[in-house]
Amino acid sequence: MSDEKYVALIAHDGRKDVMADFVRRHKKRLDGLPLVATATTGGIIEAETGLDVKRVLSGPRGGDLQIGAMIAEGKVRAVVFLRDPLTAHPHEPDINALMKVCDIHNVPLATNIATAEMLLDNLK
Ligand SMILES: O=C(CO)COP(=O)(O)O
């Protein structure tokens with residue numbers, strides 16, 4: 001593959017159905033883009049769309065940090081991170097770290113579906 005940057009897709013359990021619907025509706029647009037996802041989210045995306053997704057570890061097992069490192073290294077073009085703000089997450093520090101590196105490196109980050117739609121529409 002070229003050195004094209006990844007689009008990162010991540011969803012908490014309470015938002016995985018929303019992510020599945022998002023990738024189904026945008027399958028054509030996402031096809032051909034290098035995609036990276038945390039383990040469970042990536043499995044759902046592959047099952048829903050058949051798209052090829054690079055999978056890192058599950059979020060609670062360090063996957064958010066792995067994607068955060070990719071962001072810091074300039075390997076990520078945009079992040080859709082459908083967070084569940086009404087649930088406590090044992091890996092909250094990792095979630096915050098991922099969002100922090102997006103802000104440090106000025107990488108577009110959508111944390112809800114309304115913004116995710118806009119982000120994909122405007123992905124250069
Ligand atoms: O926990 C996550 C993001 O913080 C997502 O991880 P999974 O996609 O493996 O469920």
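Cβ from N, Cα, C; glycine included.
Note that this is a predicted model, so its numbers are computed, not measured.
What TrEMBL says about this one:
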DOMAIN    1-124  domain 'MGS-like'
BINDING   His12, Lys16, Ser58, Gly59, His91  substrate binding site
ACT_SITE  Asp64  active site, proton donor/acceptor
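Sequence features, as recorded in TrEMBL, placed on the structure.
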| residue | record | Cβ within 10 Å |
| --- | --- | --- |
| His12 | substrate binding site | 21 |
| Lys16 | substrate binding site | 18 |
| Ser58 | substrate binding site | 16 |
| Gly59 | substrate binding site | 26 |
| Asp64 | active site, proton donor/acceptor | 27 |
| His91 | substrate binding site | 17 |
Determine, from DSSP, whether His12 (substrate binding site) sits in helix, strand or coil.
coil
Those recorded positions in Lys16, Ser58, Gly59, Asp64 whose CB falls under 6 A of ligand 1, listed in sequence order
Ser58, Gly59, Asp64
As a quick check of your reading of DSSP, tell me how many residues in the domain 'MGS-like' (1-124) are helical, how many are strand and how many are coil.
64 helix, 20 strand, 40 coil
Could you round the CA separation between the residue listed as 'active site, proton donor/acceptor' and Lys16 (substrate binding site) to a whole angstrom and send it over?
16
Mean pLDDT over the domain 'MGS-like' (1-124): what is the value?
96
Over all pairs in His12, Lys16, Ser58, Gly59, His91, the listed substrate binding residues, work out the largest Cα-Cα distance in Å.
17
